[in-house]
Amino acid sequence: MATQVHRNGSLSAVSLQGFVLVGFGGSAKIQALLFAVFLTLYVVTVLGNLTMIMVITLDARLHSPMYFFLKNLSFVDFCYSSVIAPKAMTIFLSSSKVISFAGCATQFFFFSLLVTTEGFLLAVMAYDRFMAICSPLRYPVTMCPMACARLVLGTYCGGCLNSIVQTSLTFQLPFCSSNRIDHFYCDVPPLLQLACADTTLNELVMFGICGLIIVSTTLVVLISYGYITMTILRMRSGSGRHKVFSTCGSHMTAVSLFYGTVFVMYAQPGALTSMEQGKVVSVFYTLVIPMLNPLIYSLRNKDVKDALRRLGQRHSLVKEDVQ
């Protein structure tokens with residue numbers, strides 16, 4: 001709902017049909033440049049994450065818990081960049097930058113669900129590495145296929161719960177006559193700026209939930225990697241130590257990039273004051289991080305590089321047989 005101000009100063013509720021996504025300001029050339037940048041990032045993101053999903057699915061040597069979680073991470077990255085990028089590219093080239101009320105709520109719901117799921121999934125991946133390195137004898141039992149499926153399901157349930165709370169609290173607010181969202185997608189901070197009612201509860205819930213998720217998942221990651229580091233230092237094999245550091249280094253890079261940007265955006269009070277800075281940070285974690293994750297995990301992971309090589313050789317053999 002929106003409110004309309006009459007000449008006598010009274011307010012009355014009016015039906016809000018949609019919002020206008022302001023996006024980034026600038027001339028037509030700047031908008032075209034932004035479109036090209038977003039398109040490039042999105043295409044690389046889609047190709048990279050779908051390649052990871054395909055390689056892990058087709059190569060039997062990668063059918064392990066670590067790569068099961070990595071495949072789900074690639075799926076989440078592909079999905080939440082797809083929730084944002086296509087609509088953003090549309091508003092860069094179109095004179096009509098309107099998104100319906102239902103469309104805005106739907107976009108925010110799925111974005112919140114998928115981003116929260118990724119946060120939980122990164123913590124699960126850290127726990128998986130902890131069990132594999134620190135308790136190798138118990139690992140096959142602890143991280144059996146059923147346990148892995150339950151952990152992944154739990155990450156989606158946690159994401160869904162957070163998304164339901166955030167979406168319901170945000171879109172039940174009365175919005176003022178201005179329907180211009182100062183962003184390139186529907187998100188909580190710019191939406192709260194349009195609300196006529198007191199948004200203290202919404203801000204407290206956002207900071208509280210995001211802070212709780214970030215702190216709890218970060219603790220899981222730090223504790224897991226604390227034990228992993230001590231175990232690595234006790235290893236006698238230099239090659240084994242290098243392999244573990246390579247795998248864990250990739251995960252720590254992904255964790256640092258994701259949690260750092262999410263904290264800047266949602267888990268501190270200043271997140272609501274600078275929309276221009278927020279837009280830049282949002283580009284980073286909605287498109288850049290999903291694009292980087294497949295590169296981080298493939299370029300620094302010998303198993304994935306070997307699987308890509310085997311897949312390429314298999315494709316070449318099939319092509320030769322056809323010819």
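A Cβ is built for glycine as well, from the same backbone N, Cα and C atoms used for every other residue.
Predicted automatically and left uncurated, TrEMBL annotations should be read as such.
Lifted from TrEMBL, the feature list:
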- 48-297: domain 'G-protein coupled receptors family 1 profile' (DOMAIN)
- 32-56: transmembrane segment (TRANSMEM)
- 68-88: transmembrane segment (TRANSMEM)
- 108-127: transmembrane segment (TRANSMEM)
- 204-228: transmembrane segment (TRANSMEM)
- 249-268: transmembrane segment (TRANSMEM)
- 280-299: transmembrane segment (TRANSMEM)
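The stretch in closest packing with the transmembrane segment (249-268), judged by the count of Cβ pairs under 8 Å and taken from 32-56, 68-88, 204-228, is 204-228. Outside the transmembrane segment (204-228) by six or more residues, the chain places 116, 119-120, 122-123, 126-127, 129-130, 133-134, 158, 162, 165-166, 169, 188, 244, 248, 252, 255, 259, 262-263, 266-269 with a CB less than 8 A from a CB of the stretch. Within the same chain, residues 66, 69-70, 72-73, 76-77, 79-80, 83-84, 151-152, 154-156, 158-160, 162-164, 166-167, 170-171, 185-188, 191, 213-214, 216-217, 220-221, 224-225, 251, 254-255, 258-259, 262, 285-286 sit at least 6 positions outside the transmembrane segment (108-127) and bring their C-beta atoms closer than 8 Å to a C-beta of that stretch. Counting only same-chain residues 6+ beyond the ends of the transmembrane segment (280-299), those with a CB under 8 A from a CB of the stretch are 38, 41-42, 44-45, 48-49, 51-52, 70, 73-74, 77-78, 80-81, 84-85, 111, 115, 183-185, 187, 250, 253-254, 257-258, 261-262, 264-265, 305, 308. Within its own chain, the transmembrane segment (32-56) has Cβ neighbours under 8 Å at 23-24, 26, 62-63, 67-68, 70-71, 74-75, 77-78, 81-82, 85-86, 88-89, 92-93, 287-288, 290-291, 293-295, 297-298, 304, 307-308, 311, counting only residues six or more beyond its boundaries. Taken together, the residues in the domain 'G-protein coupled receptors family 1 profile' (48-297) have a mean pLDDT of 86 on the 0 to 100 scale.
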